[in-house]
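Asks: Sharing a structure below in structure tokens format, with a few things to ask.
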């Protein structure tokens, strides 16, 4: 037996996600307009497979996730997984699709070594839902669209969205045409496995086709693949002979009916209005909320929503109104991310607890520590046990900021006494010398002075 | 018959199981033959094809498991046309199945009908009580009719198809063959009902069919004129007329009705059949099982050569035709048109059962003539034979409605002639009751006229029966009993051994547990001792922990008073604002005392906490004890 982990993908969005990418550059090259269509395959996040009771686990033991039906043993029949339909409807609703009251299944035939039955079961002629709309930020890039889609399916819990595990895959169709002319021959780039890959593959393919067309060549209809290492698309097989899939209605599955109108939900008929009630706050709503209710800048809102873990920190932190949302957002997006990047830890796997985050942020906002120490503190937390007390670390490391004015004044005096030349220069009118003096203060006190107070004191002393 | 392989073994074990079971089951001990396209766990299921020659399923078809759960004994898997494509049981890799009727030696014999010919012959010769077939275009009713036995094609969806290797999924139904209506009904009652593993089964619970004396005067019976077609033999027409008269005599209302789309049915059937066949056969690529050629140039080449050698001409030609009809450019022209016509054929039946001038059931012939000679049959193409043989049976599959074929009388050739009753969906109860009435009235006892002597049977049947006979003769009761007993005994021994093994395992577990318990006991004892000694030492301590709180109280008062006086003193001196070093000696001494008192207080506090903790621990320990 050669068949392992036969997984089922639901292809739903190939029709609803086609869009035209406008080319904004104004060089000579603009005679070409590129058209990009995306086909997204999202693997549903369910315990078992779409048509069988076999487990649906990534990295499962070889041949353990295969039922008799998956291996196409004669006489076995498909049984539709209710959970998959629910998730399908949920996703369709979130993408503002038209959900169809009756949909049906079709067999798509082709011979391939990983296809034991010789056909796939799909919904070719009457799908569960169609004609969706997706609103996304950040320009017309194909990658942004995929990112938005990933965020949506993750938020819905419909799909893990882990492209590196193949849970979501993208095929991109690219063609170039002159403005106002009909669509021309396209190429298809198969199985792109990362968001960066989508951006790179589409960009490269547009460039490749443009070069060919500019040199008077013509594009052939073919399937290409994306080489992520060398950043080029490579021809896989040509499509000169068009594969005829000989679609036929799947006779072993009756048409799928859903209840579009009432909340009556039975074993066999799923209520769509009932599912509609369960749609969570979608990325688009989150961004609007951040901008309107928390007064964040658009870019901060986009960045926060792009990282669900950061967004969660944000909501937790600003639940206490004393913390300023803009400051909190900046701390998360600048300082926490810097620390994570340095440590090469994915945001998703950040081990700092909400509690620790609150304590650290409060320490900073109450001027117990300064920004420099704040970063050190976050970094330190990774080496400590889970939920280790932040205050204890500050105490242990002696990171508390000195805010006693007399102490600060004393230290300032020392700096001035030790640097008479600089003081002289200042008094001669070089006011910028103040910064140098403050720098010396910070250095000699290992950054532990409250610099706002120190600046004030230093100025006072200099003016005496 | 084929499959002697498993007969003896299966029979024996199944019988032993029966002995254990006290209560009587619906078909307890009934012998059955199952068509070799139903999956049977650990028993080869070949579909009479090279492609599945070595296929041994790891699961049971729902129909089979239901039969076994109701007490039936499988005596063998029965022959069929390859993948059930045929109407004669002649296109099998195991060779053709011969009809017991009109058998005159190896060169002069009749076909059994098909494709469930093996099951029909097994029942008609008395090898078993009931046979399971499949019915896609008449494959159960046709051989039942030609072999003089009863054949039921239930409503589509009444009986689960799970485990039935498909021919045309949208028309296939498991069928039942038995010697009389009562036997067939009993088996149907066992296998019918919803099945979660087959999404196309009817979800409603199945109410077992009761055979009773019904009043035929309320029953309207239709005679469809279109079934009176070219090529129908006079014998069949006579039998048809005969039963019509008979039912009229029984006060049933007889009406002439029309099913205008009957004639297109065969063409439609042919297209739909070939399309689904092309699709269903796609999985046989030689990789998982069956014939696999040595072609190793590429996967595609391996598929192509395995498939071209593994299927017979009939199967291959249906695959070619089906794939042609399914091509995108032909889909609308053939497949969609066929689906539309199928709807019209089904509507024909709806009109006749529900419309104006409606009837309850239809009476038609099952086949156009009696069983053909093998030589005559194979001289025509499989496709033409199907078109001819399935003419009367296959519209019921198009519409999904139930039908039953019952033997009526013998033809001039002394071969059985059968008629068919069809009714609306789920009308099995009425159909079988009317069939039962016809059966009791014709009273021809067709089977008793079948002259079964060893030499009129097909060779393999002869071998089997003589084998069974010799064993029965040579085994005297005395000899038979000890065998059964010794088998029972060894079974009992095996069971005892298993029990003992379980006991041993439990004992071992017990031992391990005891060791753990002992270890815990020792640990508890140590703890207890430690506690006792600490209680003792605590009681000896002075001051006794019990009045330690009192001590602390006093100490606190002392501290408070000192603090008070210290405060006063500082107040006094603060006005002077002298450095600490200049404080009067007395105050300094007081401060020192205060500090030491504070220290002492905290020590007592510590000790009080310890005592409290020990007490809590002791209480907790006691409670647990």
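In case you wondered, yes, glycine gets a Cβ from its N, Cα and C as well.
Note that the coordinates shown come from a computational prediction; the quantities given were computed from them, not determined experimentally.
Heads up, here are the entries from TrEMBL:
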| type | residues | note |
| --- | --- | --- |
| ACT_SITE | B:35 | active site, charge relay system |
| ACT_SITE | B:115 | active site, charge relay system |
| ACT_SITE | B:139 | active site, acyl-ester intermediate |
| COILED | B:487-572 | coiled coil |
| DOMAIN | B:18-432 | domain 'Amidase' |
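Neighbours and distances for these, please.
Replies: Non-local contacts of residue B:35 (active site, charge relay system) by the CB criterion (under 8 A, 6+ apart in sequence, same chain) comprise B:77, B:78, B:80, B:84, B:116, B:118, B:119, B:131, B:132, B:133, B:134.
Within the same chain, the residues at least 6 positions away from residue B:115 (active site, charge relay system) whose Cβ sits under 8 Å from its Cβ are B:80, B:81, B:84, B:85, B:86, B:87, B:88, B:89, B:133, B:134, B:139, B:143, listed in sequence order.
When Cβ atoms from all protein chains are considered, those within 10 Å of residue B:139 (active site, acyl-ester intermediate) total 39, not counting its own.
For the coiled coil (B:487-572), the predicted model reports an average pLDDT of 80.
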Asks: Is residue B:115 (active site, charge relay system) helix, strand or coil when read with DSSP?
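Replies: Its secondary structure by DSSP: coil.
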